[in-house]
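Following: one structure in structure tokens, then a few remarks.
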Amino acid sequence: MIGAEHITGVVLAGGRGSRMGGVDKGLQPYRGIPLALHALMRLQPQVGTTMINANRNLAAYESFGVPVWPDTDPDFAGPLSGFLVGLERAETPFVVTVPCDTPDFPDDLVARLAHALEAEDAELAMVRAPDSADAPGAPRPQPVFCLLRSTLLESLVRFVHAGGRKIDRWTAQHRCAMVDFDAAPFFNANTLDELRRLETQRV
């Protein structure tokens, strides 16, 4: 059994926020607190230690009380940059990533990913859930919700340094367990309008 104390949680807040007009998405208010802090508070009970991957307004993120690390890849590899930061900085055998813009992810997310990874002797485990853009019941991978063995660091460094940017192309090189979830907890806010709508739809 993979205990929570063996897992480092990483909140991914290093994106450019282009679909939100360039604002720092993780600092946008959701139910009165910043999105990234909401994600952090939801993640902390599920793991042993946490950190945030951010590239702007670092002092604001540091005020949340956990380590904040910017991307080490100057070419901006997207979410994989956050994966890389987590694997480089973690002192645990496992790392789990969650994006800052999906504030209502399940409170048993990490436990279910860990169970599947161990049961299938996989190198990583990720969420699979229906997407709002798909037909009802059509699940697809949600790769930013991912539990990884820390031993994958060398593989990811090679992939990113070779110009790789797509998560699915990297994960396809490894044994990956898919864990099915309902769609609702994974609704994310890509625009400010979607964020306001999410606030009114969730109780």
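Glycine is treated like the rest: Cβ placed from N, Cα and C.
What Swiss-Prot says about this one:
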- Leu12, Ala13, Gly14, Lys25, Asn53, Asp71, Asp101: GTP binding site (BINDING)
- Asp101: Mg(2+) binding site (BINDING)
Original post:
Counting only other Cβ atoms and using a 10 Å cut-off, which of the binding-site residues Asp71, Asp101 scores lowest?
Top reply: Asp71
Subject >> Largest CA-to-CA spread of GTP binders Leu12, Ala13, Gly14, Lys25, Asn53, Asp71, Asp101, angstrom >> reply: 18
**OP:** Ten-angstrom check, please: count other Cβ atoms within 10 Å of the Cβ of Gly14 (GTP binding site), all chains counted.
**Re:** 27
Subject >> Where Lys25 (GTP binding site) sits in the secondary structure, as DSSP reduces it to three classes >> reply: helix
**OP:** Enter the number of other CB atoms within 10 angstroms of the CB of Leu12 (GTP binding site).
**Re:** 26
Subject >> Surrounding CB atoms that lie within 10 Å of the CB of Asn53 (GTP binding site), all protein chains >> reply: 29
